[in-house]
Amino acid sequence: MRYIMNSLFKILYLNRFVEYLSTNTYILDIVKIVMGVIAIFASSQITIPIKPVAITMHSVILCIIAFTYSPRLSFLTILTFIFIGVMGLPVFCQFSSGINYFLGSAGGYYLGFLIGMPVMSVLKGKLAENYLNVTIICIIGHAIFYLCGIIWLASMIGLKQAIYSGFIIFIPSGLVKILIFSCLFSYIKNLKRK
């Protein structure tokens, strides 16, 4: 009997906790940020290690966050990810961390994420969410990511090499990731309608 009472209490307490989360937006926002950071971390570890910047699955997760979070929340999520990485938690590509990694060849892309994610979130709110618009918004976001990355890399290896190493070699994988996200987003949206 005692076991049953304890189990019921836990279930009731869990229901109250879920109710509390749904009414307290600050806690819900914190939970979303933590979940987003974990997702970005996990996608950071799926890499094709090329130099000077590895290809990762970041951008698919960043698009998901940009399309499901508000502009403010998407910005805070990537800012939190960058902050904990710079502070030493090994969340960056291939479990890297620290200010030296951030100031290295990938730093410009992270700054691009800070700008591009809120831009995608804002555009998502302004345009109808169909396959074409979703794809265009993702291309705009990726253009911001790559532009910041190229500018950052150019200060280290020169503009011509930065365009090649920081953009051209990423075009095929970037297009594939955008298409994956666009198809995934359309599929999820169709599921919601049913």
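One is the number of the first residue shown, and numbering goes on along the chain from there.
Cβ atoms here come from the backbone N, Cα and C positions, even for glycine.
If you look up Swiss-Prot, you'll see 30-50, 51-71, 73-93, 102-122, 134-154, 165-185 marked as transmembrane segment, on the strength of sequence analysis.
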Recorded stretch that, among 30-50, 51-71, 102-122, has the most CB pairs under 8 Å to the transmembrane segment (134-154): 102-122
Long-range environment of the transmembrane segment (165-185) - Cβ separation under 8 angstroms, sequence gap at least 6: 48, 50-53, 55, 57, 59-60, 63-64, 67, 105, 108, 129, 131, 134-135, 138-139, 142, 146, 149-150, 153, 157
Surrounding residues of the transmembrane segment (51-71) on its own chain - C-beta under 8 Å, 6+ positions past either end: 32, 36, 39-40, 42-45, 77-78, 93-94, 105-106, 109, 113, 116-122, 124-125, 134, 137-138, 141-142, 145, 149, 153, 156-157, 165-166, 170, 173-174, 177-178, 180-181, 184-185
Contacting positions for the transmembrane segment (73-93) when only residues 6+ beyond its ends and CB under 8 Å are counted: 29, 32-33, 36-37, 40-41, 44-45, 47, 54, 56, 62, 65-66, 99, 101-102, 106, 110, 113-114, 117-118, 120-121
